[in-house]
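Swiss-Prot lists Cys2 with the feature active site, nucleophile. The feature L-glutamine binding site is assigned by Swiss-Prot to Arg50, Leu51, Ala52, Ile53, Val54, Asn75, Gly76, Glu77, Asp99. The feature ATP binding site is assigned by Swiss-Prot to Leu232, Val268, Ser342, Gly343, with similarity to another entry given as support. What Swiss-Prot records for 2-186 is domain 'Glutamine amidotransferase type-2'. Sequence annotations record features per position, and here Swiss-Prot assigns domain 'Asparagine synthetase' to 211-451. The site 'Important for beta-aspartyl-AMP intermediate formation' annotation in Swiss-Prot covers Glu344 and rests on similarity to another entry.
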Amino acid sequence: MCGILAVLGAADWSQAKRAHVLSCSRRLKHRGPDWSGLYQCEGNFLAQQRLAIVSPLSGDQPLYNADRTIVVVANGEIYNHKKIRKQFASKHTFSTGSDCEVIIPLYEEYGEDFVDMLDGVFAFVLYDTRTKTYMAARDAIGVNPLYIGRGSDGAVWISSEMKALNEDCVEFEIFPPGHLYSSAAGGLRRWYKPQWFAENVPATPYQPLLLREAFEKAVIKRLMTDVPFGVLLSGGLDSSLVAAVTKRHLIKTEAAEKFGAELHSFVVGLEGSPDLIAAREVADHLGTIHHEFHFTVQDGIDAIEEVIYHDETYDVTTIRASTPMFLMARKIKALGVKMVLSGEGSDELLGGYLYFHFAPNKEEFHKETCRKVKALHQYDCLRANKATSAWGLEVRVPFLDKEFINVAMSMDPEWKMYNADLGRIEKWVMRKAFDDEEHPYLPKHILYRQKEQFSDGVGYNWIDGLKAFTEQQVSDEMMKNAAKVYPHNTPVNKEAYYYRMIFERLFPQESARETVPWGPSIACSTPAAIEWVEQWKASHDPSGRLIASHNSASASANHTNHANANANGNSNGKANGNCAMAANGTNGVGLVVANGTANGKMEA
């Protein structure tokens, strides 16, 4: 991931202004430590901090067309860039090997109506010197972060992270996913318009082969890299499938020719935590060289302020899950790895969180998946991107591939729901799709096993330790006055209050606090899903452990799953509150590296 900053229409064109913009851009240097570039045309500035993944020797930014009348800065990976290059080979002279350079000929050919032709994740700004207009766009789901604001002189500021613009803007906000901003048209408009966005319940039958093929394609296209890469592996279903598919197809890729097909697996957790044990088992099956990173509760507590600074949030669940990932990312980068694949998005698309078990019907189930996918940019996408970008590590998420999303979200939700009578547990559609008797991807007991929420999976003592620590940092008197001190999104417990104090010190602007989502949550639910169960309304802890069936789920899941692994038929769409459920909150903090840079067991 790179970092971009654009200041457009500034009243001040001076060298001092240029120096100030460059200084602001350097606040994003952690995202792109490999190179920096700055373009200026009168009061328009486009800056980029580059993390070189594709074409590291020739892809420095800003990017230009042949006569330098169009300039682009981008943070993105365009997986169909080779196809687009062939399309424009006779019309456009490419000057770099950067995948993002294809944005320029697309704009020259189609104007601003080309964004949906990009297959990948991105946040970019394009300036056209001929018309003195500009456009900016963000990918469909918001995998790559982006913010937009207005300076006191009326200039538009656009940045990968708000830390580069918050001190210069009188107001700013999240640049919405799936949108583009056009100075010519005078504002934002949505370019991503999938059918599922209307939240109408689909009726397409489950097609396991179609689902499997869409996911395999999503993984394979993300193996596009010119640097050492890996796959996060926590031992849960989603990260294990990402690792298994990578293992199966890596040998056929250009990446294998460059870095070899040997896989190294990494996992982080407290000593004896569920993720360490589960990841070790998956790594043994896949034949990886396994590496374990251990951290202590104190290590995590010491990192909290840095995590909040980089994540730019005070959301409790995000901070809990980000901290181990943040610690691990530093170790991964130190081994020479610059890109990893991860399993974010599966639980939102397929209803894999613990609480989905209690959905009263398929209509509510589907609406909740829609709400969750739409909100990913404020939660798991934000966490995965920023916690790793803090150390110049890029995360790619195949579950959030546009084609895979279309397949998953067009399926009749009855197939996704738990049904004990038919042997269907959560994410059964994905498990069944990869249950290949002849050429198994994973053993059945792994394929059909419950997975913890990530912050629980790295070790239950992590959450308990956070609660105990913050209990000592925030007094009862402070909590009594919480609504007066923080009238917007008032903290409901001491852990939330502690995170909020740090956030407000780092980002004191009203606009900053309004970028953070709020509302009650249970096991990562949206506020709307709280209405499903009366007892949930009184909870102030988002942990999945508060779901009644969580404690018994692991014990019963394997027995149920093996007995029903091959079950077929139609779901009745009803949820049974006493049966096993699964969650895979952040899909792994672990890593499978496709090169030989790391060997043996290491401890953080």
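Using N, Cα and C of the backbone, Cβ positions are placed for all residues, glycine too.
Highest local Cβ density among the binding-site residues Val54, Val268 belongs to Val268, counted as other Cβ atoms within 10 Å over all protein chains shown. Cβ-based crowding with a 10 Å cutoff singles out Leu232 as the top-ranked of the recorded positions Cys2, Ala52, Leu232.
Per Cα geometry, Leu232 is the residue among the recorded positions Cys2, Arg50, Ala52, Val54, Leu232 nearest to Glu344 (site 'Important for beta-aspartyl-AMP intermediate formation'). All chains included, 25 other C-beta atoms sit within 10 angstroms of the C-beta of Arg50 (L-glutamine binding site). Between the C-alpha atoms of Ser342 (ATP binding site) and Gly76 (L-glutamine binding site), the distance comes to 16 Å. Looking only at Cα atoms, Gly76 (L-glutamine binding site) sits nearest to Cys2 among the recorded positions Cys2, Leu232, Val268, Gly343. In the set Leu232, Val268, Gly343, none of the binding-site residues has a C-alpha within 10 Å of the C-alpha of Ala52 (L-glutamine binding site). For the pair formed by Val54 (L-glutamine binding site) and Gly343 (ATP binding site), distance between Cα atoms is given as 22 Å, rounded to the nearest Å. Cα distances from Gly343 (ATP binding site) to the recorded positions Cys2, Arg50, Asp99 are smallest for Cys2. Between the recorded positions Asp99, Glu344, the minimum number of other C-beta atoms within 10 Å of a residue's C-beta occurs at Asp99. A straight line from the CA of Val268 (ATP binding site) to the CA of Arg50 (L-glutamine binding site) spans 27 Å. Pairwise Cα distances among Arg50, Leu51, Ala52, Ile53, Val54, Asn75, Gly76, Glu77, Asp99, which the record gives as the binders of L-glutamine, peak at 13 Å.
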